[in-house]
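Notes follow once the structure below has been shown.
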Amino acid sequence: MQFDTIELAIEALRNGESIIVVDDEDRENEGDLVAVTEWMDDNTINFMAREGRGLICAPIDKSIAERLKLQSMEQNNTDIYGTHFTVSIDHYKTTTGISAHERTQTARALIDENTNPEDFHRPGHLFPLIAKENGVLTRNGHTEAAVDLARLTGAQPAGVICEIMNDDGTMAKGEDLQSFKERHHLKMITIKSLVAFRKAVELNVNLKAKVKMPTDFGHFDMYGFTTNYSDEEIVAIVKGDLKSNPNVRMHSACLTGDIFHSQRCDCGAQLEASMKYIDEHGGMIIYLPQEGRGIGLINKLRAYELIEKGYDTVTANLALGFDEDLRDYHVAAEILKYFDISEINLLSNNPKKFEGLEDYGIEIVDRIELIVPETQYNHSYMETKKNKMGHLI
């Protein structure tokens, strides 16, 4: 499939057009027509009904639902994707409520500040959906995508969506969506690309605390951050001037290595070496909650069980059903942007960290190698990192 940029999609939406939004392969793997309520007209709904053929819904943010007292359709929501339907509605000035014009009228009433809760008949022919707070950064659904896109166009947080079905009634996927796009001259994007776009252009980290932190390796300032879309807590330790290509280490949390000094890995030794380097040369260490390359502590221990049976650190992850590396560095990039940093010298042997930061607009000016001694217990691990994961060691 050929996808368009988010910028082109935003422009199309501002022009009153519908676009196609495709979700992930491991989710519904389907495409929805999406339009912004503020920019659409009767033709939008008519096109969705005639060509899309799916259920026409009206994603809105929580504040609109609360203001208009739109209650959940079902208190015990058992939908496998957690789609938050409210009771269906018709605006009181409609007749049957089903025509393209009248569904447009109902959708427009949702964003009219003069609309009152009693202005809707319930049930009706339009199905509002409540988006999760923080949109696709919290839930990668079409509901959240529509509301996020509405905001990105500068409109009120409301849209209309409709699943795309084939002529035979099956759901359009893959090449079917590509043909639909070409036939109707529509822009098409993925929710994944929308997530990446938002992470690249928005600042979603919040400084919660800053303290002096004396350590065995020097005296630092420690900053504590949270994000708008998860319960993660991230710390950054800083020393010296950060203005010109500061030295930065992105360190993934490793309880076994950092705290218990496990010799199965080189994590603890790398953290200590990084702290010594930053103490001497200045810079920052961003400590990321990415235990086990993102699989979590217990799964990392399960991987260790497999390693004891002859697997390596890559094949163990794969055997457990994970990719070899699940880490994403957008939070680190956002923390750097919080400090107005866009160019860094990176302390790392891992090329994926270079790519991960560059994907979010951070330029790597220079690489500072971080070589620590091997132990009798981590030789195989280090060889796997070098030969299978491309680490520069």
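All positions are counted from 1 along the displayed chain.
Here the Cβ of each residue, glycine as well, is placed from N, Cα and C on the backbone.
Values in this document were obtained by computation on a predicted structure and should not be read as measured data.
Quick look at what Swiss-Prot annotates:
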type	residues	note
ACT_SITE	D325	active site, proton acceptor
ACT_SITE	R327	active site, nucleophile
BINDING	R27, E28, D32, R139, N140, G141, H142, T143, E163	D-ribulose 5-phosphate binding site
BINDING	E28, H142	Mg(2+) 2 binding site
BINDING	E28	Mg(2+) 1 binding site
SITE	H125	site 'Essential for DHBP synthase activity'
SITE	E163	site 'Essential for DHBP synthase activity'
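The DSSP secondary structure for H142 (D-ribulose 5-phosphate binding site) is helix. Comparing Cα positions, R327 (active site, nucleophile) lies closest to N140 out of the recorded positions H125, N140, H142, E163. In sequence order, I20, V21, G52, G54, H142, A146, I161, C162, E163, I164 make up the list of same-chain residues 6 or more apart from D32 (D-ribulose 5-phosphate binding site) whose Cβ falls under 8 Å from its Cβ. Rounded to a whole number, the distance between the Cα atoms of N140 (D-ribulose 5-phosphate binding site) and D325 (active site, proton acceptor) is 21 Å. Taking the C-alpha positions, the distance from H125 (site 'Essential for DHBP synthase activity') to N140 (D-ribulose 5-phosphate binding site) comes to 26 Å.
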